[in-house]
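Now, the feature entries from Swiss-Prot:
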- 2-237: domain 'PABS' (DOMAIN)
- 31, 106, 137, 138: S-methyl-5'-thioadenosine binding site (BINDING)
- 86: spermidine binding site (BINDING)
- 155: active site, proton acceptor (ACT_SITE)
């Protein structure tokens, strides 16, 4: 008998992954966590029935939220990751010698423990002495921070449930205050392909656009994401992701990647027409 994991991407679209076995299932104070073994995507983790990452394609997401801002900002030293309890984002950041401190705010201890047990290679990004994990509510954590971080990466999963407060105007305003005068915020922007997800994308862009002087959106192909098409947001007080992009300087760092390139960086900001129109409509509101 074959076993399949199924996730509804819309009322009319279902995403299925054949499963060899279930490795873990548990309920934390915040969410249900499951880990599966599959022949196509390797091990993959789900929260409340939605795929969060897999061994096969997690490198795409991690590289795109890290190397895009790191190739623009000339001297990132202090980083805040909101979420990030799997260690994938911090692992990418740790390739940069100039980074002195990485704060990870992850309120779900069970999520961190599960990732350490079942995804040790990814979770190795939690073990460096530059990394500090805070078991705290991110919104509350941010309220006390001002002019502190060069880069904030919002790695929260979605604008619902336990992460709902991380997609509000108050949250983005607190990010603005917590960033230094030349700081950058990067966040996952979701996918606008299905009607059910479009409203969240619109709302997110509207809030960030009216909070930061520079706000752009870029894209990547992530197979396990809804529709396979995923957007990211880049917001900054000073740096533009293309005008201040320094490809030659980034290449001299000899950073290892499997997805990100300096050519891809430029192309990632060239959005399809329907996405451009959606974003422009929110900028005019």
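Cβ coordinates come from backbone N, Cα and C, glycine included.
Computed from a predicted structure; not experimentally measured.
Features as recorded by Swiss-Prot, highlighted on the structure.
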residue: 31; record: S-methyl-5'-thioadenosine binding site; DSSP (3 states): coil
residue: 86; record: spermidine binding site; DSSP (3 states): coil
residue: 106; record: S-methyl-5'-thioadenosine binding site; DSSP (3 states): coil
residue: 137; record: S-methyl-5'-thioadenosine binding site; DSSP (3 states): coil
residue: 155; record: active site, proton acceptor; DSSP (3 states): coil
Between residue 155 (active site, proton acceptor) and residue 106 (S-methyl-5'-thioadenosine binding site), the C-alpha gap once rounded to whole angstrom: 10
Residue 137 (S-methyl-5'-thioadenosine binding site) and residue 86 (spermidine binding site), distance between Cα atoms, whole Å: 17
Cβ neighbour count within 10 Å of residue 137 (S-methyl-5'-thioadenosine binding site): 14
Mean of pLDDT values spanning the domain 'PABS' (2-237): 94
Cα-Cα distance, maximum over 31, 106, 137, 138, record's S-methyl-5'-thioadenosine binders, Å: 16
Count of other CB atoms lying within 10 Å of the CB belonging to residue 138 (S-methyl-5'-thioadenosine binding site): 24
